[in-house]
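Marked as active site, proton donor by TrEMBL: Y35. What TrEMBL lists as substrate binding site is H93. If you look up TrEMBL, you'll see 20-244 marked as domain 'NADP-dependent oxidoreductase'. Among the features that TrEMBL reports, site 'Lowers pKa of active site Tyr' is placed at K60.
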Amino acid sequence: MPVLGFGVYQNYDARSSCLEAFKAGYRHVDSAQMYRNEAAVGEAVRESGLNRSDLFITTKCASRSHGYESTLKGVDESLSRFQFDYVDLFLIHDPLSGSDKRLATYKALQECKAAGKIRTVGVSNYNVKHLEEIRNAGYDMPAVNQIELHPFCQQKPIVEYCMKNSIVVQAYCPIIRGQMDHEVFTSIAAKHNRDPAKVLIRWSLQNGYVPLPKSATPSRIHSNAQVFDFELDADDMARIDALDQGKQGAISWNPVDAD
Ligand SMILES: NC(=O)c1ccc[n+]([C@@H]2O[C@H](COP(=O)([O-])OP(=O)(O)OC[C@H]3O[C@@H](n4cnc5c(N)ncnc54)[C@H](OP(=O)(O)O)[C@@H]3O)[C@@H](O)[C@H]2O)c1
């Protein structure tokens, strides 16, 4: 999977933003059924002229549509909206539907993978207990766990579990929804002659996460992708690491504590 993804939550013109993102070099787009822009992402893929096989496209099913039959139907509906033969990664968007439905949804996604409709199955907002539930049910572990993850909300127990179990950690809200006006970020940004968004994206990449910054602003779409020409040093990383506030630092729904 390309290590930098392009988030499209609350992007109401995802077609033109994705086309801009492809120009800027992104090859990975993070969509979801809930974002109501799968069709727009699919259009951008076709209009880009890029090979489908060079792109990595994710979607997700949220808890209100969990369950075995509804997930099978939902996968077909997503494919039809994208007008794709397959999606690269299909995530269970959140763990809020309860144990039985989570596992039924997971089973359906595994079957869609076997049928070639999904290349990879993953989860999102899963805590350690939700991941253990999959293991205890005897299924293959998910390839990915996508969680809120940035300097103020480092989700250490989940990240540690994922790293130990070779589950790729995707970082959502990697640039704290633009709330980066903090002395640590601005001073490190000034030191490297970069902006705070780039510093946060680098911090994520250097920790081995897959950040998914969102922007609907063409200049930011481009600048957020220009993160492979500098490196944070150990001192920068340590200063940012020290900002963790645990769950208090979350700025999104972060439903990792669902029963
Ligand atoms: N699985 C989940 O439950 C879940 C939850 C939330 C998000 N996600 C995924 O993760 C992606 C990223 O998360 P997010 O969209 O919530 O937050 P984010 O990427 O941390 O921040 C996006 C916000 O930052 C602004 N921004 C972008 N680049 C900037 C820059 N260089 N300088 C200053 N501000 C900048 C954007 O404004 P403009 O657009 O106006 O440029 C937007 O308001 C989502 O799009 C979605 O794909 C998943």
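Yeah, the Cβs are placed from backbone N, Cα and C, and that goes for glycine too.
Taking the features listed in TrEMBL, we show where each one sits on the structure.
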residue: Y35; record: active site, proton donor; CB count, 10 Å: 21
residue: K60; record: site 'Lowers pKa of active site Tyr'; CB count, 10 Å: 24
residue: H93; record: substrate binding site; CB count, 10 Å: 25
**OP:** Between K60 (site 'Lowers pKa of active site Tyr') and H93 (substrate binding site), find the distance joining the two CA atoms and give it rounded to the nearest Å.
**Re:** 5
Original post:
Quick one: Cα separation, the residue listed as 'substrate binding site' versus Y35 (active site, proton donor), in Å?
Top reply: 11
Original post:
Secondary structure at K60 (site 'Lowers pKa of active site Tyr') (DSSP, helix/strand/coil)?
Top reply: strand
Original post:
Over the domain 'NADP-dependent oxidoreductase' (20-244), what does the predicted model average in pLDDT?
Top reply: 98
**OP:** For H93 (substrate binding site), just give me the three-state DSSP call.
**Re:** coil
